Structures are given as structure tokens and as C-alpha cells.
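Enquirer: First the structure, which I've put down as C-alpha cells, then a few questions once you've had a look.
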Amino acid sequence: MNKPLRRVGLTMMVMVLLLLANLTYVQVINADTYANNPSNRRSVMEEYGRQRGQIVSATGTILANSVETKDAQHYQRVYKNGPEYAPVTGYYSSIFGATGIERAEDDVLNGSSSKLFVRRLSDLITGRDPRGGNVQLTVDPKAQDAAYAGMTAKNFSGAVVAIKPSTGEILAMVSTPSFDPNPLASHDNGTQRDTITKLDDDPNKPALNRATQETLPPGSTFKLVVASAALSDGVDDANTKNLPADPTITLPGTTTTLSNFANETCPESTNGQVSVTIAIEYSCNTAFSTLAGKVGKDNLIAQASKFGIGQTDLTVPLSVAPSTVGSIPDDAALFQSGIGQRDVKLTPLQDAMVAATIANGGVRMQPQLVKNILAPDMSPISTFSPQEAPGGPAISKDVADQIKAMMKLSEQHTGGTGKQANISIASKTGTAEHGTDPKNTPPHAWYVAFAPADNPQIAVCVVVENGGDRGLAATGSSVAAGVGRATINAYLAGGG
Amino acid sequence: MALPPGVLGSATTHMTAPGSTPATPTRRGTELTLLGFVLGLVVLAFVLISENQSQSIKPEILLYIAGYAVLFGVAHLAVRKFAPYADPLILPCAAMLNGLSIAMLYRLDPPLAEIAFSGGNGYSNAAPKQLIWTGLSLLAMIAVLWLIKDHRTLSRYGYTFGLAGLVLLVLPGVLPCSISCVAGAKLWIIIGPVSIQPGEFAKVLIILFVAAFLVSKRDLFTIAGRKFVGLELPRPRDMGPLLIAWAVAILVLMIEKELGASLMFFGTVLAMLYLATERSSWVWIGIVLFMGGATVADRLFTHVQTRVANWVDPFADAQGDGYQMVQSLFSLGSGGIAGAGLGGGHPELVPVINSDFIVAAFGEELGFIGLAAMIMVYMLLAMRGLRSGLAVRDTFGKLLAGGLSFLLMWQIFVVIGGISKLIPQTGLTAPFLSAGGSSLLASYIMVALLLRISDAARRPQASRPKPQAPIAEASTVLVERPT
């Protein structure tokens, strides 16, 4: 019986050979295909064992970094001033992925970006752990601190965005209420899960970046866009009194009425008529509705899109929700849209961009949060260069100067705290109704401004949702203006 | 595979000089040295895992190492006492695979506990349980060595074993699903906290039966029938046992919804038929029969279809039915040639990694090199079993050793082939590696039988009773002896 035993032994060896041949195919020849398959979660998990790069502010202060630990994950992500910067940095969770800059610049931070390739090659040769690159933001801590303090002092829900008009650099981006990203980077999965559950269940939506992701009716701040359209197309000029000063008008084709704030007649009228300048100065609704009617739907939409409204693919590099003027189906809708109501909805970032464009003489700069990509040793690899937004200037220098003059007048009639004699501000407020019962719902308070008016260094947009601490009585000037001025003052005081 | 020239020669020598001190070395010292080497490997594995997972050497690994060392120390002493001439490689091979298994389960426990926790489930560590099962299994091995002084006595209980094996094989299939189903396959008997896979024991019992049956009826099967395309076909009336085995295999496939058990059963029976008859026609007929049955099963049962579809292209449904297969390939591929190092990979991403797919964990962390080495250890173990079959003098022992060795290798082939997409995946466990008491217990009973046969093969002839094998067999051995 030994002959068949040997044959069986031979069969067993053939089985072993088949196994080894197949394993050679799987583990040697095809190994990279399997190892690098996008659904193979190992590559993601490996990143957690690598030192992730830092996120630093424009002045170099560390906002997020990874510190060495003794546990299996090797590094712990730490966010200093977590809630203040959370809308910008986002979080970096091993379970729930990343958001904000952590996500947008992930390939730099985790060291896989091709921009870092030369460094990684030398790392391979010198045998060091390939560390991630660093990201320097455009955010200025002085502006950010002031904006965050202003919003949180009275527990406002809303957002602040500050932009440097000449470059598009985002100097501040605040969204409140905010959240602490630190527990989401915890090495304890239970902590991560508890935190995300709490954030998801919170009706105040602290994880929502209101600056980029929330679109709200801009109210009277939208008059800047309507005025730009009217002046650019020659529909009207700045000072001819040809717009109604009436406290109330009836919308064309309907019996619906539209009124000025507190049912006032627009001041400084002559024969019941006011100019565009006066209408901006006192924020007269009836005049601007009529002006929007004169401008017409197509011109208004065209002008809005030159300011960036309607752009669906804006990234800074955080993605920004598209703002819109709505479909404007009829003249009544056009009248309402003229005062930033109806279906007009802007993100705070978009409204800041409108102010910054006017401040920059009509040239809209592409907004940007990242100033520099730095190597692991903090030497610069690539630097952000200012870019004009595509499509040419939104308005001419001439029109921009005229609107700037109107905004300076408007600021003089705007109340609220924080006015400083040595800083001239150009601004526009907004008090936007919303909801199903607009007259009994606390309005959103807006304030867009730039300063110094004659050499603009900073443009801001502040929105305080649902009246802030003033309820139904809230206005842009009483609630939002103070936060905006505090941000401007802090930035300019620092010599920004 | 060559038979060392000394084996038969020394036997002859001792027949001429009965009662003298045996000159044949027992080779127990070799076994102890090899066990010491294996212990060193296992210590290294534990240290690496502890260092990789917690950057320190945890004191608890000393408990595992000490427990492991004591268990195999005792096993070695028992072999010294009950089977002094046993093959010195069989126990170390089993010990090595077993030790690596405990280390790997220890390494997998923390991530698996975390996964179970995140799904809201409880988890009890597999490594301590596996160590306890190792102890119980070694006890069973020692008991078999102690109770069965001569393997030939087993041939008297052939039909008893056969009946018991058949019952165990079919039992989970006919029991209600509430106590026999795990993940769609009816392979279990679960009573309270105890769950056993009777199929693991059925394999061994059926091999014992088939060996005994074939020895007693061997002449029948060697009568030639008609010739067909160069093959000598058996006479149709001799086909009975093969047809019965085939029917049982297909029945098991149908009621247990699992290809593995019936593959093991039928493959081993075919191999043993071939061993007994030396006729390859039996093998071909068997393969054709099984392919036919399996094809019909594939048409009729969705669980077989799913397994086959996952084999053809697991990526077609990578997040659904193919998930496990895809994850297994990712695990193996990520390991590459040299592996991620023990504790350095993420094998926990593969579902049921600590039982059916544990080989993928070794492939990922020890790489192709490590896994190939482990396959070689399996092959060494199986080859030492076959070698004992070559050397032992009785037909029953030859058939038994051949059957057990083939079963071991066959199971490894089906398991590793399954997780690496060489063949469709089955629900079989990897002997000595997978977590689970039934598999370990059955594997050590097989080891005990192989030790017993190898002891009989090498034990000096004088101390043995006269062989009861047919006279004709002895001359066959001499004729077939290699030169």
C-alpha cells in the first residue's frame, strides 16, 4: 500500500504548491492593487499613526496640532481655542472622518500631497517618519478673537466673516454657537460617538458652519447689489430724486403692500421723491422696490452673479453653499427681491464678498482661507497669490466710489456700539424678516461694512439670527453693528 | 517521502535479537529541543504583539507563555511515557501552530472587543479560552495515548465509529435551527453556553470506520471490471460503498447549507478508497459524481450560488455578499511579502477573523513569507503522518495514517484556498489556528492517533505482538520498498 501512499503524498504537495502559487498572486503580484484599493480602510487608518501637520493662523499661532502620546495611535490631535476656530479647522475624527480645513487640506496635513513629494522622497532616504505638511491660514487672531467675543458675549446665534478686500484673504470666520473639536479627535471611540450624538441632537446646530453653509435673506444689505445694478446700467444715478418716498406701496399686479421700516416716509424727499443715495442712507424700502422694478429681473440677476451670487462651486477651500436671488417669477417678486426678501438668500461669506468688492473698487477677489502650505519643517512650499474672481469687475471703479459714499452716509445714521472717531467706516445694515409669520418672528440682523472707508483694509459681514438679544425689536444696527465694528477696530488697532 | 533505509532494517535486526536493549533511538530529546525552539518563537510573538499594541511588555503575556510552556511540557512527558518511539516532529508542529494561534487571538482580542462594543454587543476574549481548550485538548490527546496502546484495537469498533460519525455529521442538519444555525450554516449544536461543531469529530470517526471497513473488504474492490479509456473500472456491484458515501455527502451539503463538511468527508473517503485499491478509477468516478451533485446543488441552493459568485468576482458585490472575501483579499494584499508585523496590521477589518479567516490575519501580519512557512509546517505535520503510514506494518495503520494526514492537508487546502480565492470559500476552520474548542479537540485526537501509529512504526519489533495484517500485505511492503 506504500505506492498509493506516496502518490497521496505527491497530491498533498501539489495542493501546497497551488496554495503558494495563489498566495504569490494575491500577496506579491496583486498586493498593491488590494493594498491601495479605495475601499481598503487600512490606508486611512495608517494616517492616524503618522504625525499630522499643524494648522496655524496668519500670525503663526497654532490652532491645531498633533502631540505625541504613549498609546497605540502615537499622536493626539489638539485644538487650542477649539470652539472659536472650529468652523475653520473642522475636526479630525477616526470614526466620522474630517471636516473644515482638516478635510479640505487633508492630503497636505497627512503628508500624501504631491506638493510634499520632494520632502517625502528625502524622508525615505534619511529614514525618518514621513510627517504631514502644515497649513497656514489667512485668519487673523485679532479679528477672529473680537468677532468670536462679540458673538458669544450675548450668546448670539449667527456668523461673522471678515475679508481683506484687496486680496480676498479671509481674516475672520466665526459661527456661533460653536463646538469643541477636541473630543471628536479622542482616542476613545465612546467619547467620539457621544460627542457626535450630542452635536447631531442639538437643535442649535453647533456643528453647522453658518458662515459658509447657511443662506439667509439678506434684507437691506441687498440694496447694495440693486444700487450697483441701477448705477452700472444707467437706469438711475446717485442723486436724482426719482424714487417714491411713500411709507407704503402696493406691489404691481397684487393688492399686497410693502412698507418702509416703522411705516416712515423716506426723509429728505422732494415732491415725494428721493434719490438712490438718500434711499441707501435711510434704507427706504419703497424706493428700492421701485428701483428694482426699474432695473428689471434680468439686469438684477446679472449684477448679482457678478458679485458671485449663484456660484455653485465656490471653495475657499471649504465648500460654500450657493447664494441665490431666487427665480423672480413676476414684478411683485422683483419688488420684494429689491429689498433682499422673497427668495433672496445669501451666505454671510457672500455678503462679506459684496462689501469687499465695493471696497476694492468693484474688483471681486477670490476669497481664500489658506495663506501658505508649509513643509514639515515650516519652510514654505506654496504661497497663496491673490486672484481676481472670473468674469471681470463686478462694478466700475466709479460706481464703487459712489456706493462707498452712500455707505459712509448710511454708517452715520446707524446706531449701535463701537464707533471710533479715528476710524471711518462705510456700512449698510439689514433687518430681514423671515418665517411663516414674518411680522411676529424676530428678524435676522445684518451689518456689512468696510474700513477705513478711504483705504479699505477689512470688510466684514455680521449676521445675528432671530433678533439676538432684542427679539422682535432687533435691527441690524442695534444687534449686529456692534460686533462688526469691534472686529474692524480690533483688526485695525493691530496694524493689520 | 523516501523511506529511510534504516527503518525496515532495524526491525529485522530486532526480530533476530528479541529481549535485547533496543538500539532504536526514541528521539524524545529531539522533540524536547524542537518544543523549546517553538516556545522561543511563541515568546517572540507575544513580545512583538505586546510591544506593537501597547509599547510595553504587558505582564499578562507571562501567564499565557507560562501556561503554554507547562501544557506542552506535560504533553511531552506523556508522549515520553505512552508513546516513546513516536515521531518527534508531530507534537512540535502542532505546538507551533497552536502557540501562534493563541498569540494571534491575544492580538485580535482588543480590536474585536472594540468592534463588538461599537455595535452594542458584548465580547469575551478568545485567547484565554483557547489556552484552556488547548489544555483540555492535550488532556484528550494524552487520554487517547493512554487508553489505546495499540491502534489496531480500534479496527474492531469500525461500525460503531461509523454509526457515531454519521450521526454526528448529520445531527446538526436535522436539529431545529434555533440550536444549530450560525450565520446561515447548520453546523452547530448549541446548548446554553456550550457550542460544539460535531462535524469536527465526525471526520475522525468516519476515517476510523472507513479504514476498518476497507481493510476487511479490501479484496472486493481490487477485482477489476471493464476497461474504459485506459482506466480499469470497478465492477458496478462494488460501487455500493462509494455511492453511499456520495449520497451522504450530498445530503449533508443540502441540509447543513455548507459545502465544507461534505467536501472534507467525501474527499477523505475517496483518498482512502484509492489508498486501499490503488485504482485511480475510483477517484475519477468519485470526482465526477461529486461535481455532478455539487452542480445540481449550485442550481438549487442560493447559499452555494452566493459562495460561487463571490469566488468568481467578489468585487461585484463588495459591500454585500462579497464583503468578507474582499476584506480577506485586502488583508492578504496589505500584508504583501513581508507582512505588517504582528500587531502592526488591521486584520480586525475582516469579518470572523478569529475563526474561519484567521489565516488572513497571519497573511497580513507575517506576510507571504510567514504564511508560506506556516503552510510548510502543516505540510511537515501531514508528511510525518504519511511517513508513519509508510513505516507502520499493518494495513489498518497505513490506511488510518494516510487518511488522517490527507484530511489535515485537504482541510488546509480548502481553508486557505477559500480565503485566498483559489476555490470557493467554505465555513471550515483552520486546524490548530482557528478559535474554537471542537476544532482543537478533534485536531489533537488526530495528533494522538498519528503519534500512536508512528510509535508503532518505530518501536522495535520484538516488543510488539505479531502483526495481524494479512500475510500477503507484508510481502507487498517488501516488494514496494524503494531502493
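Numbering starts at 1 and runs along the chain as displayed.
Each residue, glycine too, has its Cβ placed from N, Cα and C.
TrEMBL lists these features:
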type     : residues  : note
REGION   : B:1-26    : region 'Disordered'
COMPBIAS : B:10-24   : compositional bias 'Polar residues'
TRANSMEM : B:32-49   : transmembrane segment
TRANSMEM : B:61-79   : transmembrane segment
TRANSMEM : B:131-148 : transmembrane segment
TRANSMEM : B:160-189 : transmembrane segment
TRANSMEM : B:201-218 : transmembrane segment
TRANSMEM : B:239-255 : transmembrane segment
TRANSMEM : B:282-301 : transmembrane segment
TRANSMEM : B:366-387 : transmembrane segment
TRANSMEM : B:399-420 : transmembrane segment
TRANSMEM : B:432-451 : transmembrane segment
REGION   : B:461-483 : region 'Disordered'
Enquirer: Apart from its near flanks, which chain residues at least 6 from the ends of the transmembrane segment (B:61-79) lie with a Cβ under 8 angstroms of it?
Expert: 28, 31-32, 35, 38-39, 42-43, 46-47, 49-50, 86, 91, 95, 99, 102-103, 106, 127, 131, 134-135, 138, 141-142, 145-146, 451
Enquirer: Quick test of the contact rule: Cβ under 8 Å, at least six residues beyond the ends. What residues does that give for the transmembrane segment (B:160-189)?
Expert: 154, 195-199, 201-206, 208-210, 212-213, 248, 251-252, 255-258, 261, 265, 303, 352, 427
Enquirer: Assess whether the transmembrane segment (B:201-218) lies in contact with the transmembrane segment (B:282-301), where contact requires at least three Cβ pairs under 8 Å among residues 6 or more apart in sequence.
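Expert: No, these stretches are not in contact.
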Enquirer: Find the member of B:282-301, B:399-420, B:432-451 that has more C-beta pairs under 8 Å to the transmembrane segment (B:131-148) than any other listed stretch.
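Expert: Per the Cβ under 8 Å count, B:432-451.
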Enquirer: Quick one: do the transmembrane segment (B:399-420) and the transmembrane segment (B:282-301) have at least 3 Cβ pairs under 8 Å, skipping pairs fewer than 6 apart in sequence?
Expert: no
